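A quick write-up on the structure given underneath.
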Amino acid sequence: MSHFPKLLSSQIAFDVARTMLDGFDKHYRLFREVSVRAKALFEAGDWQGLQQLQRDRIAYYDERVREASVILEDEYDAENIDDEIWRQIKLHFIGLLTNHHQPECAETFFNSVCTRILHRSYFNNDFIFLRPAISTEYIENEESPTKPTYRAYYPGSREGLGGCLERIVHNFQLDAPFEDLPRDIGYVVRAVGEHFGDFRIAPNFQIHVLSSLFFRNTAAYIIGRVINGDKTYPLAVPIMRGADGQLRLDTVLLRPEQLLILFSFTHSYFMVDMEIPSAYVTFLRDLMPRKPRAEIYTSLGLQKQGKNLFYRDFLHHLQHSSDKFIIAPGIKGLVMLVFTLPSYPYVFKVIKDYFPPPKETTRELIKSKYQLVKQHDRVGRMADTLEYSDVAFPLSRFDDALIKELEKHAPSMVEYQRGADGSDEIVIRHVYIERRMTPLNIWLHEGTDAQVEHGIIEYGNAIKELIAANIFPGDMLYKNFGVTRHGRVVFYDYDEIEYLTDCNVRDVPQPRNEEEEMSGEVWYSVGPHDIFPQTYGTFLLGDPRVREAFLRHHADFFDPAMWQAHKARLLSGQTHDFYAYDASERFVNRYGDSAPGNAATPLRRAAA
């Protein structure tokens, strides 16, 4: 039952609400400035600057939340404001959002500040935004008509598809020359023709393109959609910058599954300038209807909004399901206790209180490793994690075996309380949540020969891409990797992760005598950061099918020279290009230097 006041009589309530909104507005202004800065760094080819910008931006939100919390404590003694005033604060905040362009994100910021000040017994819709209050539908950027959320183009007109695409590219006003834009436009037109074949143009044939570029790694992406009749198709064009400073269109992505991979939870967040983020999410959801809005917000760099939406979706699922949380199937970890809800496609990971040998780590060190992954370029090979504190679950939904495991291995992380409805709850004090995947060891054990080969190709590629991004996984057992819905192999166990540049890549020394040669134990000295690629075959090549596929596709994996070459390149300051699509899709591999052909549209107009 709601206890909202009938009258808004408190000046303090309004001032507190205004202070919180000012804090959010400052955050979002800085957030947008990062995206504008990303364009200049891309044009200059300053990849280290882009990486640093990405890392810095992740910290902005928490910095502004702390800043706002301190102001409220210092100026309004927020911890001692009574309940009636807090209810008025929320209502004033709602009123201030009436014409706001990012109301959903502002509500989340409000929650973040309040949960730093209020006890968790206040975490209900009377005091925070457990549910959204302001609709984000049809918010328009009326103050800046020159830059709408997206622009519409009509390739069925006289200029044709080629001219239309060229205008799309020029409208982004990139301050760097193209190597050969007519050639690249020709490639795009050719690829469109090959993909759609005999494509008849309907009267409503048009292309919508989001007004801002999407920056990530060393690429800038044009994101749009093609509308023809009652069909909508994705359109994504990555722009790359060569060593000579010239730009090129690298490929065109036209399949829904390609867009899903581009916006996957295994990639770093995009930097994109959005006046109205909800409009971008709506646009992208039209192209990826099965992708949760939470994941789209997160991929756009609004990870706190994504986290908030995920939790709302999770609570909704709990209300409409009855299965129990259970210990996750598979090999139990030494560091994490992992559980899952079978009807929900995620796993929950709790750091244990004690770590048996040979693990030598601490809770804080493990958390720092997960933060490292959050801030690093995940290059499509490391799963993103959602981190929560003090999460209350219905105790009746926990399997008895799971409760015993939690009390045995992580007692400091478990509390019990009475819920608002009088039911018993179990509170997990700290938990990571990740997408559930098929463990690679199970995939390899149960798969067909073709699946085993695919899994090993992907595993080798994943490791090579990770070390190219300066990530050494540490524990490379197959159980620490998962296979996504799209068949990509992804790393998800981060407690032993290191920078490759901090590792000493070594050859196994030659034995000095027969005793050393026959020894079943390591007889040579091993430093804390030493790695020996020649020894990896011992625990990776036991299965004959795996061994055959591994040596056929990744024989260099066990050669220290391959690892050392990556380390040397990183130490020299070189940045690797990572592609969120198969290399065979790149125009340089698909068409080479072949003539692009006529850039006129190959599409035929449908009969009226």
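Glycine is no exception: its Cβ is also placed from the backbone N, Cα and C atoms.
The number of other CB atoms found within 10 A of the CB of D384 (active site), across every protein chain shown, is 23. In the three-state DSSP scheme, D384 (active site) is classed as coil. What Swiss-Prot records for D384 is active site, and it gives sequence analysis as the kind of evidence.
As annotated by Swiss-Prot, ATP binding site applies to A328, P329, G330, I331, K332, G333, L334, K349. The Cβ neighbour count for A328 (ATP binding site), using a 10 Å radius over every protein chain in view, is 20.
Note: the Cα of L334 (ATP binding site) and the Cα of D384 (active site) are spaced 21 Å from each other. When the record's ATP-binding residues A328, P329, G330, I331, K332, G333, L334, K349 are compared pairwise by CA position, the greatest distance found is 15 Å.
A C-beta separation below 8 Å, combined with a sequence spacing of at least six in one chain, links K349 (ATP binding site) to M336, L337, V338, T385, V431, Y432, I433, E434. Here the Cβ of P329 (ATP binding site) has 10 other Cβ atoms within 10 Å, regardless of which shown protein chain they belong to. Within 10 Å of the Cβ of G333 (ATP binding site) there are 18 other Cβ atoms, across all protein chains. G330 (ATP binding site): 14 other CB atoms within 10 A of its CB, across all protein chains.
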